[in-house]
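Undergrad: In case it's useful when we look at the structure, here is the feature table from TrEMBL:
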TRANSMEM  12-30  transmembrane segment
TRANSMEM  42-62  transmembrane segment
TRANSMEM  68-95  transmembrane segment
TRANSMEM  107-125  transmembrane segment
TRANSMEM  145-163  transmembrane segment
TRANSMEM  197-220  transmembrane segment
TRANSMEM  240-261  transmembrane segment
Amino acid sequence: APRLASDQAHLMHGAVWVSMSVLVNVAYGYNITVPIHTLFRSCNVVSSVIVGWLFFGVTYGVSQLFSVVLVTCGIFLATIGDASVLCVHCDGGILGALTNAKEDMRVWAVGIAILLLVLFLQAFLGHLQRIFYDRYPGTSDEFMFFSHVYALIPTFLMAQGLVKSLSNLAASQPISPLVPVPSGLVYLLANNITQSVCIRGVFALSAVVSPLSVNLTLSVRKFSSVVFSVIWFNNPWTGLHSLATLCIFGGSSVPILAMWLSSRKEKEQ
């Protein structure tokens, strides 16, 4: 089939998508746990509203802004909760970490900064997709394909590190005594399959609904990731993480509830 979107559109979309995809994985190397990583990425509703208002002239209702406030509180609580986990062996809580584990906290702070940058790149990408899909209807698969083509560039640049990581996965313990396959390779395959399904779904969803609706949907999906990471992989969890989860996912559901009530009211009239 002939290509419909322009080279400039594909280049702009690919640059933002690849940058976001690389950075979101780089963050794991900076003392960032899976729960805090997922909670931060669930806050894309905030960045979507801010970026939409600042750069794309989008206006929002009271329920949407209230949602942003709740999610922002959740970000703050999750960050403090993760810091307390990081310095669990330090005297004096977070203050003790700043004096006894300064290097760890500096590394962690870089990870938080990377996650914040990813949030805004993701929000910017969502609004770009809305513009491009309106301009070039029916091109979600086309943009997904070219984005993955552009992703080959950093793959080649990081080839040495990828080979080393693949060797480490190949040397991991077997998944079970009956199946002598390295568990790391099994997890890698499972991750690639689920990522493929997820990415395809996100691109398709972005073509038919607003960026804010996409982000709200993703926030709900990421809630299951947080719960799964804690139950299955025993990732650290505190009371602050629980409160942050309520704020983030509660805030994300506010616009959905408002739209449902508005639709119900219209039907009654």
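Each residue, glycine too, has its Cβ placed from N, Cα and C.
Unlike curated entries, TrEMBL annotations are predicted automatically.
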Undergrad: Suppose I define contact as three or more CB-CB distances under 8 A, residues 6 or more apart in sequence; do the transmembrane segment (107-125) and the transmembrane segment (12-30) meet it?
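TA: Since 3 or more Cβ pairs under 8 Å link them, the transmembrane segment (107-125) and the transmembrane segment (12-30) do come into contact.
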Undergrad: Could you pull out which residues elsewhere in the chain have a CB under 8 Å from any CB of the transmembrane segment (145-163), counting only those six or more residues past its ends?
TA: 10-11, 13-15, 17-18, 21-22
